[in-house]
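Novice: What TrEMBL lists as compositional bias 'Low complexity' is 477-490. Residues or ranges marked as region 'Disordered' by TrEMBL: 477-498. Under the heading transmembrane segment, TrEMBL lists 84-105, 117-138, 144-168, 180-204, 210-231, 343-361, 367-388, 400-423, 435-454.
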Amino acid sequence: MSSKQTSGCCSGFKFRWSMITVEPIVFLYMVASNLQFPTFQALVYKKTCLQTFNASFCEDMDNKTFQKLHKDKQTVIQGDASHWILLSNVGMTVPSILIVLLFVGSWGDRVNRKLPILIPCIGALIYNLVNLVNAYYMDWPLDYLMIGPVFNGLFGSYTTVLMGVYTYTTHVASANHKTTRVAIVESMTFIAGTISVFVSGLLLDAVGYVAVNGICCGCVGLASLYGVFCLKSIKPEPNDQRESCCQFWILGALADTVRCIRRPRVKPYFSILVLEIVILNIMQMCTTGENDILFLFLARSPRSFNSVQYGYFKGTENFTRSVALLTLLPVLKHCFHLRDTTVVLIGIFSKATGLVILGLAENLTMVFIVVVFAMLQGFPAAALRSNMSSLVDKYEQGRLFAIVAACEGFINLVTTLIFNGWYPKTLDTFDGTCFEFAAGLCGLALLITCFIHLKLRVTDQNEDGLKQLQTSGGTKLDTTTTTDTNTNGNENIWKTRL
């Protein structure tokens, strides 16, 4: 390939300021979310200790030497804290699964693409306000902390807001640049994580739980204002058919979701779509399980991380992931023209390697080595979401990502039950067991991705052969068409790929 051709390939994607759409919302929402996550865990840990022991004992538990002398009591505190974190995750996840699957996903297709993005911001604001009040009154029972997660779940939680931004992005992006655009949105979550997690420990030490929760409220509030006043509305064509409020917002949304699931699709792309959802959920399981127990794992002796060190680790990890998504992934796609499945394979291998090392880590150096090996772990989600959106029609994308988000929410719940229930049982034997189990799940995802990769190569080769035969004057390629009618009565013609 000539240098001129190479230059042309690598200049295929050019950033323009007009391309900025949902990125500020993702950034602000995830700053609050990533800032809140370790803060909430630390708050639960602190309140658990205060309800079991006196304030002086809990203050001394920050000392490494004191931790080693009272390791049995630390195990009790960690076990109880893990239980409350489990309850909060269940209280947030169950309502969000039902909301996103049955209603909000379809509302984005039927009403406005902005709606699934704005609704969760309201729930997040309530969630942070509840945590702020609980942090102010440290003597309140831990039960009161469960109010915030439940409200957040009823408004869709982060599951719905991510569904909304990915639907919006894939709707406005061109086919050639879809993976890169999704990667940019994905990178916002990691850039936000870099900033928020880096400073979370410092903020906790400097200003305390109340101020940190106040900052979270401000971030979510700004995201809501940007969404209302700056984000362009994307609405479907007006529907002349009159429906009651209940039919439009509830019954119609339910019917849309059922149609999307039951609709016949062209082989082999339906099976590929299902398998890609499976891979995405396996990776989600690994990530959720890791995050649920990571703070407790790193705080435990012999690692004995404090909040600041935990923040440095997560911040560095998020920074390298965002850099990889913003630089390496576009190069792989636009210069080397790698398939999405190849990008997914690279990312899964990176994730698995990082989990293996993390589970074996016994000191600060080994923990930070994980950052290097796991820096490409953001690739699978970006490539899979992009490819899945190309397998359905535009008016179905909200429903597709709602189904994906509901599956992820269910997986999060199952993962929370498994990892938070299993982790305390591993403390007396090998406390890195859960991470090694997650690495094994990545191996399963790797095998499924290899199958999809080979299946797509064979399919594309067959299609190329048929096209060449048609071009050379051989047997003419036949196409059959089927008609599908969407919920607004618009007909869409589908050509079956032979």
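A Cβ is built for glycine as well, from the same backbone N, Cα and C atoms used for every other residue.
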Novice: With pairs restricted to those 6 or more apart in sequence, evaluate whether the transmembrane segment (84-105) and the transmembrane segment (180-204) have 3+ C-beta pairs under 8 Å.
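Specialist: No, these stretches are not in contact.
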Novice: Taking the transmembrane segment (400-423) as reference, which of 117-138, 144-168, 180-204, 210-231, 367-388 has the most Cβ pairs under 8 angstroms?
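Specialist: Out of the listed stretches, 144-168 contacts the transmembrane segment (400-423) most.
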Novice: When you check the transmembrane segment (210-231) against the transmembrane segment (117-138), do you get at least 3 Cβ pairs under 8 Å, counting only pairs 6 or more apart in sequence?
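Specialist: These two segments touch.
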Novice: Sequence-remote contacts (6 or more beyond its ends) of the transmembrane segment (367-388), Cβ cut-off under 8 Å?
Specialist: 166, 170, 178-179, 181-183, 186-187, 190, 273, 276-277, 279-280, 283, 287, 298, 303, 305, 313, 316-317, 320-325, 328-329, 340-341, 343-344, 346-351, 353-355, 357-358, 361, 400-401, 404, 445
